[in-house]
Amino acid sequence: MKEAMFYDKNGKIILCNLCPHHCKLKNGQTGRCGVRKVLHDKLYSLNYGEISVINVDPIEKKPIVNWMKGSKILSIGSFGCNLHCGFCQNYEISLETPLTVQMKPSEIVDRAIDSGVPSIAYTYNEPTVFYEMMYDVAKLARRQGIKNVMVTNGFIDEKPLMDIIEYIDAINIDLKTYNDDLYKQLGGRTLNDILKTIEIASKRCYVEISLLIVPGISDQLNEMEELFKKLYLINKEFVLHISRYFPVYRYDDPPTDIGIMTEIREKALKYFKNVYLGNVR
Ligand code: SF4
């Protein structure tokens with residue numbers, strides 16, 4: 001546990017400014033992410049140093065395919081998320097409380113050095129909600145010449161994004177859907193919150209975009225094309241990953257139809273030259 005960054009006090013109310021939910025909390029209350037709590041009139045990050053997963057992965061697994069190709073990356077996750085998608089592929093750590101081990105930032109950087117990898121990824125659950133840990137590790141890693149990669153849903157306020165991006169070399173941003181109503185259904189707010197993150201990040205580091213194609217959430221061709229047009233206006237060089245959904249957690253719809261996946265990829269190829277299908281044999 002560590003005192004959180006990015007909060008204001010208004011009398012007995014604490015306002016968290018880390019993500020666009022802007023939770024207003026009183027003593028004893030926890031934010032919508034489940035991992036930031038007010039104790040004795042201060043906001044704390046409950047998952048600081050709590051590592052639920054630590055692995056060396058191929059960088060392509062993040063997925064990042066056109067940056068540091070063929071390299072391995074030390075990947076860490078904690079727990080918690082500021083969205084609540086019923087089809088979450090990592091719900092055991094994003095939406096539940098997993099077993100963790102305590103690690104200091106220096107121990108994580110040492111693990112990367114000992115493993116001989118050139119980079120560290122903040123991933124598995126949403127790294128925005130373990131911001132303080134990510135920030136401390138990324139700063140230390142940069143000093144040691146190790147690169148940093150964030151794999152995020154993009155639901156973060158501008159100030160914390162600007163502060164962390166100074167230490168981030170590459171990002172994969174996971175776009176969940178194409179309109180505000182569906183973003184609200186997933187526990188978010190607006191599509192623009194995410195497009196703004198993509199725009200800011202793409203001016204400052206290397207960016208790839210992921211889109212999980214979930215029936216009823218992100219499988220409408222026309223709406224997807226409108227989204228591709230918006231992304232194209234931000235950066236026509238984006239690499240896109242279009243992944244197939246499989247039933248998990250609260251979703252039991254059958255896996256996304258391969259024909260729809262292919263049609264969405266064809267639409268994307270009108271705007272971008274690097275569009276990859278994921279979770280498809
Ligand atoms: S990070 Fe958590 S506590 Fe802070 S505004 Fe977002 S959901 Fe609320």
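Positions of Cβ are set from backbone N, Cα and C atoms, glycine also.
These features come from TrEMBL:
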- CYS81, CYS85, CYS88: [4Fe-4S] cluster binding site (BINDING)
- 66-279: domain 'Radical SAM core' (DOMAIN)
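Close to the recorded [4Fe-4S] cluster site, the chain also has LEU83, HIS84, GLY86, PHE87, ASN90, TYR91, SER94, LEU95, GLU126, ASN153, LEU186, GLY187, TYR249: residues not among CYS81, CYS85, CYS88 whose Cβ is within 8 Å of the site's Cβ mean position.
For the domain 'Radical SAM core' (66-279), the model's pLDDT averages out at 97. CYS88 ([4Fe-4S] cluster binding site) is surrounded by 22 other CB atoms, counting those within 10 A of its CB over all protein chains shown.
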